[in-house]
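Under the heading region 'Amidoligase domain', Swiss-Prot lists 1-273. Residues annotated as CTP binding site in Swiss-Prot, with sequence analysis given as evidence: SER21, ASP154, ILE155, GLU156, LYS194, THR195, LYS196, PRO197, THR198, GLN199, LYS230. As annotated by Swiss-Prot, UTP binding site applies to SER21, LYS194, THR195, LYS196, PRO197, THR198, GLN199, LYS230, with the evidence given as sequence analysis. The feature ATP binding site is assigned by Swiss-Prot to SER22, LEU23, GLY24, LYS25, GLY26, LEU27, ASP79, with sequence analysis given as support. For ASP79, GLU147, the entry in Swiss-Prot reads Mg(2+) binding site, with the evidence type sequence analysis. The annotation domain 'Glutamine amidotransferase type-1' is assigned in Swiss-Prot to 298-551 on the grounds of sequence analysis. Annotation comment: Swiss-Prot describes GLY360, LEU388, GLY389, MET390, GLN391, GLU411, ARG479 as L-glutamine binding site, evidence class sequence analysis. Sequence annotations record features per position, and here Swiss-Prot assigns active site, nucleophile to CYS387. Per Swiss-Prot, the feature active site maps to HIS524, GLU526.
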Amino acid sequence: MKNTTNTKRTKFIFVTGGVLSSLGKGLAAASIGALLESRGLSITFQKLDPYINVDPGTMNPFQHGEVYVTDDGAETDLDMGHYERFTNAVMGQKNNFTSGRIYHTVINKERRGEYLGGTVQVIPHITDEIKKSVRQLDGSVDIAIIEIGGTVGDIEGLPFIEAIRQLRGDLGRDYTLFIHLTLVPYIKTAGEVKTKPTQHSVRELRADGIQPDILVCRTEVPLEENIKAKIALFCDVQQDAVINCVDVDSIYKLPIALHAEGLDSKILELLNIWTANPNIKPWQDLVENIQNPKNEVTIAITGKYVDLTEAYKSLHEALIHGGLANHTKVKLRYVSAEDLESGDPDSYLKGCDGILVPGGFGRRGVEGKIKAITYARENRIPFFGICLGMQLAVVEFARNMAGMSEAHSTELEPNSPDPVIYLTKEWFDYRTNKIQRRDENSDLGGTLRLGAYPCVLQQESHAGDAYGTQEVFERHRHRFEFNNDYRQQLIEKGLVISGTSPDGDLVEIVEIEDHPWFVGCQFHPEFKSKPMQAHPLFRDFISAAVANKKG
């Protein structure tokens, strides 16, 4: 009898960080995934975040940065974006867990009596739930790369460190690998690097029961072999397991840099895996493209969170990808929408080859964004509006082209006499084949139209030309929609509806007639763009910007 049991066992790489935060664990993990994938291995990722929020969906972008949305509607950490951009892995609900989500699950189990009246504790109940979350990935791929958020030594991260310590015992050394990312600072006045922070970070990790197998040392300058030998001696790792990660001027150079240091080879050696030689030529070609652009354009991003560009991380990268597809260097000019409200648009936007208004929530800076849209429309500058940016493009058009001077969104002006954008209280969910319902009293968290939905395109439109197909799936994160009561009236004034839901009820893409390139989309195309495969709308937006610059 044929055995149909899936016997594949996944090997796990755990990535921790020390010394300080924002060292780039997510990019390091993504680069490791890219290198392993280039050797023919199947990979996936998981991010374990120590904060108590259930997910980042309701967190302030100034504190957390971007909320990255997956196809299945998960609101996740921005590192999910790095994972998807660098590899073919598809992220979802099972790829991002927070302390809040773990504790929520455990408390619900306790309320249901699943612990049979026992005392619920961090060990074993919380750590067991963390391990269960990690082991969901077992058997699905060759390698799962698990990033532990925060910094070793943080009190809130201790349950996760303890859980992965236990997992080594549960799974065995052949199936687990610990990589620790640290900082080796360069003291310019002394002209030397200092290894002590790395030594102390590893000591902290070892005190929690974990001996790292590989150290990835972030530095400003290359490490000499004697420095690597010193780190290896004091941290009890092999010298060729001390990987120098020198700062690079483009994140897309990182896989090549880590490969040159032998990181992927060392990982395979320690996990006892044999593979084909890596194919890193696509990354080399990408870097060649980055370093030798044929054109240069300036794109203005008129937004609310311009003081923290991490809030627009995927947007930033997608514009770079659009540039790469056109062999063009993209310079970004972040313009505060609040400043624009009281300022002259010409002083902020003059000289820009394209204008983009991104998504966001709340009324702060809204009139500044509308002024930017008017400037793009009147001056025939390529314009791209995303989510709220698309909604405000409709508002601007209704006000200035259709005679509705008080047109607005009910999110921003509930008593508007012409609510061209309004709260959608029900819609058809094509993933579940059910009607979804929301109202003004619904919780903020997890109640938006989230995840991938189909969009049917109108041919002979900018969107139709960009995609070159009839139907696409794009990711959403919003509550408010185009009000169909105004559809015909706006179409008669020159608004083009070039994308809708399959039933035609939900407006997904709008354009305007007689403009070189003016597109607004209700979804977030930036979440599906990759450096080697730019999203079609970003590709064509940058192409239009290049044409605009050339006149």
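Backbone N, Cα and C define each Cβ position, glycine as well.
Note: the L-glutamine site is recorded as GLY360, LEU388, GLY389, MET390, GLN391, GLU411, ARG479; in the same chain, GLY359, PHE361, CYS387, LEU392, SER409, ILE421, HIS478, PHE480 also have Cβ atoms within 8 Å of that site's Cβ centroid. Within the same chain, residues at least six positions away from GLU526 (active site) with a Cβ under 8 Å of its Cβ are SER314, LEU315, GLU317, ALA318, ILE386, HIS535, PHE538. In sequence order, GLY303, LYS304, TYR305, CYS387, LEU388 are the residues near GLY360 (L-glutamine binding site), counting only same-chain partners six or more apart with C-beta under 8 A. Put simply, GLN199 is the one of the recorded positions ILE155, GLN199, HIS524 whose Cα lies nearest to the Cα of LEU23 (ATP binding site). Cα proximity to THR195 (UTP binding site) (within 10 Å) is found for none of the binding-site residues SER21, GLY24, GLY26, LEU27, ASP79. Here HIS524 (active site) is positioned 13 angstrom away from ARG479 (L-glutamine binding site), judged by their C-alpha atoms.
Taking the C-alpha atom of GLU411 (L-glutamine binding site) as reference, the shortest distance to any of the recorded positions LYS25, LEU27, LYS196, GLN199, HIS524 belongs to HIS524. Using Cα positions, the member of the binding-site residues LYS25, LEU27, GLU147, GLN391 nearest to THR198 (CTP binding site) is identified as LYS25. Within 10 Å of its Cβ, the residue among the binding-site residues LYS25, LYS196, ARG479 with the fewest other Cβ atoms is LYS196. Residue pair MET390 (L-glutamine binding site) / LYS25 (ATP binding site) shows a Cα separation of 34 Å. It is PRO197, among the binding-site residues GLY26, PRO197, whose Cβ has the fewest other Cβ atoms within 10 Å in the structure shown. Around ASP79 (ATP binding site), a 10 Å sphere centred on its CB holds 26 further CB atoms from the protein chains shown.
Counting other Cβ atoms within 10 Å of each Cβ, the binding-site residues SER22, THR195, THR198 show the lowest value at SER22.
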